[in-house]
Amino acid sequence: MKIELASSYGFCFGVKRAIKIAENAGDAATIGPLIHNNEEISRLEKNYNVKTLEGIDELKDEKKAIIRTHGITKNDLAELKKTDIKVIDATCPFVTKPQQICEKMSEEGYDVVIFGDMHHPEVKGVKSYAKGNVYVVLEESELEGIKFKQKVALVSQTTRKVEKFMQIANYLMLHVKELRVFNTICNATFENQEAAKNLAKRADVMIIIGGKNSSNTKQLYLISKNFCEDSYLIESEEELERSWFDGKNLCGISAGASTPDWIIQKVVDRIKKV
């Protein structure tokens with residue numbers, strides 16, 4: 001059986017940057033998981049004493065606090081800056097962008113629509129920067145019945161599917177007088193999704209590696225599943241099952257933006273032994 005990696009996969013710029021920031025900081029606490037990958041979070045805690053807290057209220061004797069890649073709410077950031085703790089910002093610059101857009105557009109009188117998961121930390125942070133009406137949706141149907149102002153601004157969670165974002169934009173174009181569309185989907189997300197789709201079209205089995213709480217990894221899995229029925233989402237090589245590969249000729253592999261190369265290599269090595 002041949003094993004082929006997608007042409008684009010794994011660690012993105014924002015995650016690489018955040019990992020380096022955390023390693024350089026050492027002896028610190030992150031506000032929420034730095035990234036959505038439990039294996040890498042454990043490595044940072046073990047090797048660099050970077051622990052994970054659920055929120056700013058858990059800070060006690062820490063000297064340094066690292067803001068996660070997904071960002072935190074505007075209010076939490078303001079509260080954090082009132083303390084004597086050194087604040088180290090590892091928010092991905094691609095996440096900072098929709099935060100700034102929401103703040104600016106709401107100040108200019110626009111209603112703001114965020115395409116994304118309202119429970120995701122990135123979306124919670126982005127939403128907190130809007131000062132007026134703000135709506136978080138995943139489906140066009142959720143927009144029905146909303147009485148918008150004349151002006152609406154649309155942004156996206158950075159890890160969503162472009163096609164779905166365009167559907168939301170098209171709906172709004174038909175229902176509001178003025179629409180500002182800001183494509184805030186990360187380029188790395190788009191490239192990884194396209195690469196996974198192209199590989200899944202040819203593969204007999206697809207393995208998607210990443211945190212099961214990771215939005216971009218889930219999107220990769222769903223895209224892969226559309227084109228390759230035998231697609232599986234795993235966090236480590238321990239989840240692989242021999243039966244998945246029976247009678248298969250091509251095994252495709254992709255990985256989420258928070259998945260380090262060392263985990264990917266472990267999966268590849270295990271599959272080679274099947």
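Numbers here mean position along the shown chain, with the first residue as 1.
Every residue gets a Cβ built from N, Cα and C, even glycine.
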Which single residue out of Cys102, Cys186 does Swiss-Prot record at the [4Fe-4S] cluster site shared with Cys12, Cys92?
Cys186
Given a 10 Å Cβ-Cβ cut-off, pick out the one of the binding-site residues Cys12, Cys186 that has the most other Cβ atoms nearby.
Cys12
Looking at Cβ-Cβ distances, which residues of the chain lie under 8 angstroms from Glu122 (active site, proton donor) while being 6 or more apart from it?
His70, Gly71, Val95, Gly116, Gln157, Thr158, Thr159, Ser215
